[in-house]
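Down below is the structure, laid out as structure tokens.
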Amino acid sequence: MVAPGSVGSRLGAVFPFLLVLVDLQYEGAECGVNADVEKHLELGKKLLAAGQLADALSQFHAAVDGDPDNYIAYYRRATVFLAMGKSKAALPDLTKVIALKMDFTAARLQRGHLLLKQGKLDEAEDDFKKVLKSNPSEQEEKEAESQLVKADEMQRLRSQALDAFDGADYTAAITFLDKILEVCVWDAELRELRAECFIKEGEPRKAISDLKAASKLKSDNTEAFYKISTLYYQLGDHELSLSEVRECLKLDQDHKRCFAHYKQVKKLNKLIESAEELIRDGRYTDATSKYESVMKTEPSVAEYTVRSKERICHCFSKDEKPVEAIRICSEVLQMEPDNVNALKDRAEAYLIEEMYDEAIQDYEAAQEHNENDQQIREGLEKAQRLLKQSQKRDYYKILGVKRNAKKQEIIKAYRKLALQWHPDNFQNEEEKKKAEKKFIDIAAAKEVLSDPEMRKKFDDGEDPLDAESQQGGGGNPFHRSWNSWQGFNPFSSGGPFRFKFHFN
């Protein structure tokens, strides 16, 4: 509930001349008019003073119904409408007051205020001039003169704005319109004109703001909803575009342009929603196909091409297809060098390709634009660890497999290399020592990469067989010498090797 007196202070600031109604005595009582009407008026006045606007409005509705020719009832109802922010509803009541009582200057002055805000300058000027001719109070006279000067200034500015617009000087037109709309805040046509200027100047979001205001100020404004929808569409915001075009069709279901646009946006929206659902389910190949369809469905709006490629880049990265990911992500970054999502996804692809310097560079670039992103921070730390690790022993390189190799590929590579570098194959002492070292590295690589837990540690930049990288120290529990690997069967999934190789 609004505190008593708050409505009075609000009206005093915004509609000072309406406060006169609180002191107006109901003249109809002296003429023997319906006592019920008087009761509604008095109760409504008390409720209005207490800030109970809805209840006050009900009382004034009843008073108008009881006495349709009572100007006080209309005036007080107009006051409530204005206090509720319903200027459209207040205007007819003020007009009725003036029709019933021509010399009621407070009502005419207030109507002039409303007409000025609506941009109806000729009508506003007419009201202010009539106030000055009707023997007004000193305060009313001063206010009418001030508003008349303001209305005249708005006429001049509007003429300049229209001339600038016709001359394609949209920057100047916007400057003039800015000044007018500070006063004529409810002028839908001027907001639509400024929106056109913003569109010409390449500022669609400012245009949308004006058009949204115009859609509320003018009833059944299908044109505004259509333009808002198309602007959102051009910006790549298909969901808001769909929402706005639906508002147009609610007003006119047969609107040809809105219906045609609706079908296009709905089709595109369905494809994108389907693609995102596939990504959530980890079905990256299918999602890629959907986004390729998006680009075919809307080839003329660059935003959808960029966004689609950005998501395809993400799919390739998550699906561990680094070559494709790097190619598509790079295309996105050529169009949008600061695209954080593309930078992150390309960095992940670089990690798979063991291009650590490039990954670090991408993560650092992404961090410049989003320094609080935990994923970027963790990715950068991982890339730095892997770079450091690559300068030491790299188990993937030892086995000659990619970082995203499956366990089966790892075992196959291990068996091949274990046979190739088994020390029994070498008779020369120097070659045998070299083979022993190679064989130990090959066996160590197999041990780490075939164990999910150990492999994860290594992938995160920590060598589980390196004592220096093990927290807590205390030596390397996985250290092996050649002797400990003798008798090891590279073709066994575990257990001791039961025989030695013999070569002719």
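Cβ from N, Cα, C; glycine included.
The signal peptide annotation in Swiss-Prot covers 1-31. Per Swiss-Prot, the feature repeat 'TPR 1' maps to 37-70. Summarising the annotation, Swiss-Prot assigns repeat 'TPR 2' to 72-104. Annotated repeat 'TPR 3' per Swiss-Prot: 105-138, in sequence order. The repeat 'TPR 4' annotation in Swiss-Prot covers 154-187. What Swiss-Prot lists as repeat 'TPR 5' is 188-221. Annotated repeat 'TPR 6' per Swiss-Prot: 222-255, in sequence order. According to Swiss-Prot, the disulfide bond annotation covers Cys248-Cys258, Cys313-Cys329, on the basis of similarity to another entry. Positions annotated as repeat 'TPR 7' by Swiss-Prot: 268-301. Taken from Swiss-Prot, the feature phosphoserine applies to Ser274. Look at Swiss-Prot and you will find 306-339 tagged as repeat 'TPR 8'. Marked as repeat 'TPR 9' by Swiss-Prot: 340-373. According to Swiss-Prot, the region 'Flexible linker' annotation covers 375-393. Per Swiss-Prot, domain 'J' is recorded for 394-462, and the stated evidence type is sequence analysis. Feature annotation from Swiss-Prot assigns region 'Disordered' to 451-481.
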Local confidence of the repeat 'TPR 3' (105-138) - pLDDT mean: 94
Tally of residues which DSSP labels helix, strand or coil - the domain 'J' (394-462): 52 helix, 0 strand, 17 coil
Paired segments the repeat 'TPR 6' (222-255) and the repeat 'TPR 7' (268-301) in contact, 3+ CB pairs under 8 A: yes
Neighbouring C-beta atoms (10 Å sphere around the C-beta of Cys329 (disulfide bond)): 30
For the repeat 'TPR 5' (188-221), distant same-chain residues with Cβ under 8 A (at least six beyond the ends): 119, 158, 161-162, 165, 168, 170-171, 173-174, 177-178, 180-181, 227-228, 231-232, 234-235, 247, 251-252
Per-residue Cβ crowding (10 Å cut-off), top of disulfide-bonded residues Cys248, Cys258, Cys313: Cys313
For Cys313 (disulfide bond), the one of Cys248, Cys258, Ser274 that lies nearest, given that the recorded positions are compared by Cα: Ser274
By Cα-Cα distance, the member of recorded positions Cys248, Cys258, Ser274 nearest Cys329 (disulfide bond): Ser274
